């Protein structure tokens, strides 16, 4: 069952779901709560490797990722981040989210931004039960023009679903969870896959 606006507000008030800083109640819609863009970004360095062998030996994959990903880019609140057509970038939400082990979250981009070509989450829009941290966004500009994105702008909407039971393996208790408590635009850790 997906939570409605009054349940989202109640779950926030009771601390069942935590979002920090907490968005005002005006950011809670019928079945979602708006999240804003943070100021942490990462991009791919152009032509720094001919390819990434995602199924290769861990050490080689790790070295390739180090070569192709930029260091963290922090921008000021009044500074735009330009996402050019055909470019993938990582960013974070401003808010940090904590979910209990019986609730799953779903992050969707805004229709108004999608109509300009912005994909907010290329594939991974599921926020696992037991998640805690900022949500990393996988931005892609499929439009024809560069997009100027600024910290604090509304970037997506988070909805919540109650699971049939408490998860036996919530994200915060998994040993193989690669992105626990992330607070910045963490690059891919595919090299840590089992």
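Cβ coordinates are placed from backbone N, Cα and C, and glycine is handled just like the others.
A quick note: this is a predicted structure, and the numbers were derived from the prediction, not measured.
What Swiss-Prot annotates here:
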ACT_SITE  138  active site, proton donor/acceptor
BINDING   110, 111, 112, 113, 114, 115, 128, 136, 137, 138, 171, 178, 182  dCTP binding site
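Shown on the structure are the features that Swiss-Prot records.
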residue: 110; record: dCTP binding site; DSSP (3 states): coil
residue: 128; record: dCTP binding site; DSSP (3 states): coil
residue: 137; record: dCTP binding site; DSSP (3 states): strand
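Cβ neighbours within 10 Å of residue 112 (dCTP binding site), excluding its own Cβ and spanning all shown chains: 9. Across the structure, the residue listed as 'active site, proton donor/acceptor' and residue 110 (dCTP binding site) place their CA atoms 14 angstrom apart. All protein chains shown were included, and the count of other CB atoms within 10 Å of the CB of the residue listed as 'active site, proton donor/acceptor' stands at 17. For the binding-site residues 114, 128, 137, the ranking by surrounding Cβ atoms (within 10 Å, all protein chains) places 137 first. In this view, residue 110 (dCTP binding site) is surrounded by 16 other Cβ atoms within 10 Å of its Cβ, with every protein chain counted.
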